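Undergrad: Below is the structure I would like to discuss, written out as structure tokens.
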Amino acid sequence: RFYRYYDRLTQKAITQNRSESRRPPYCKIFWKTWPQCLNVFFVFFVTLTIFPAFHADIEQVDKNFIIPEKYFTPVTCYLCFNFFAMMGSLIPNWIKWPGPRFLWMPVVFRILMIPYFMVCNYKPDKRQIPVLIDNDWAYFGMSVVLGLTSGYYSSLAMMYAPGCVETEHAPIAGMMAALFLVLGIVCGVNFTFFVSWMVETKLF
């Protein structure tokens, strides 16, 4: 009986070591997490397309606006985005909506922010397309939404990704989401040049 007891312990340890040394099923993990990975990508793609390079070149329209012209860009661009992105990243501690299944809907809808900011007062001296949104409050309000949704939806997607797989595979799922975060940043930063070119070039 003594021998059988320790023999079972040995066999259990061997089985456990084999399972630990087994290569993680990366394809299976990605198949379960790819929706959240794409959510992460699109959130940062849209955000970095607009902020900071494109966002910072949008100028004030109304000289009597509540924010003086000297502080217009620092406040409406840098301070506004960073503050509300921080607030958005805190909200998932209390509210998690929508769920993993439907998060893609508002994330994809955020793509409309790109043409929205394109028709704001961006580089009025160089632009070739008309300014359709010449209200500073409309621009400022969308700046708040940009920062808030960036922090909120990116946090949700990063939280949902590890939850799509088994506990032992959660770290790998998190790393995959982080990879798509970096890809979103890189693609968004480079896409900014194309968006700027579209605004400054007379296509028709």
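A Cβ is built for glycine as well, from the same backbone N, Cα and C atoms used for every other residue.
Pulled the feature table from TrEMBL, pasting it below:
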{"type": "TRANSMEM", "residues": "33-54", "note": "transmembrane segment"}
{"type": "TRANSMEM", "residues": "75-95", "note": "transmembrane segment"}
{"type": "TRANSMEM", "residues": "101-119", "note": "transmembrane segment"}
{"type": "TRANSMEM", "residues": "139-160", "note": "transmembrane segment"}
{"type": "TRANSMEM", "residues": "172-199", "note": "transmembrane segment"}
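What's the neighbourhood like for each of these?
TA: Beyond the transmembrane segment (33-54), the same-chain residues lying 6 or more positions past its ends with a Cβ under 8 Å from any Cβ of the stretch are 77-78, 81, 100, 103-104, 107-108, 110-111, 113-114, 117, 122, 146-147, 149-150, 153-154, 156-158, 160-161, 164-165, 173, 176-177, 179-181, 183-185, 187-189, 191-192, 195-196.
Long-range contacts of the transmembrane segment (101-119) within the same chain, counting only residues at least 6 positions beyond its ends with a Cβ under 8 Å from a Cβ of the stretch, are 35-36, 38-39, 42-43, 46, 49-50, 54-55, 58, 129-133, 139, 142, 145-146, 149, 153, 156-157, 160, 195, 198-199.
Distant neighbours of the transmembrane segment (139-160): 36, 39-40, 43-44, 46-47, 50-51, 55, 58, 61, 67, 76-77, 80-92, 96, 99-100, 103, 106-107, 110, 113, 116-117, 120-121, 133, 174, 177-178, 181; these residues of the same chain sit at least 6 beyond its ends, with a Cβ under 8 Å from one of its Cβ atoms.
Through the fold, the transmembrane segment (172-199) approaches residues 24, 26, 29-30, 32-33, 36-38, 40-50, 53-54, 114, 118, 122-123, 127-129, 154, 157-158, 161-162, 164-165 of its own chain, all at least 6 residues removed from its boundaries and within a Cβ separation under 8 Å.
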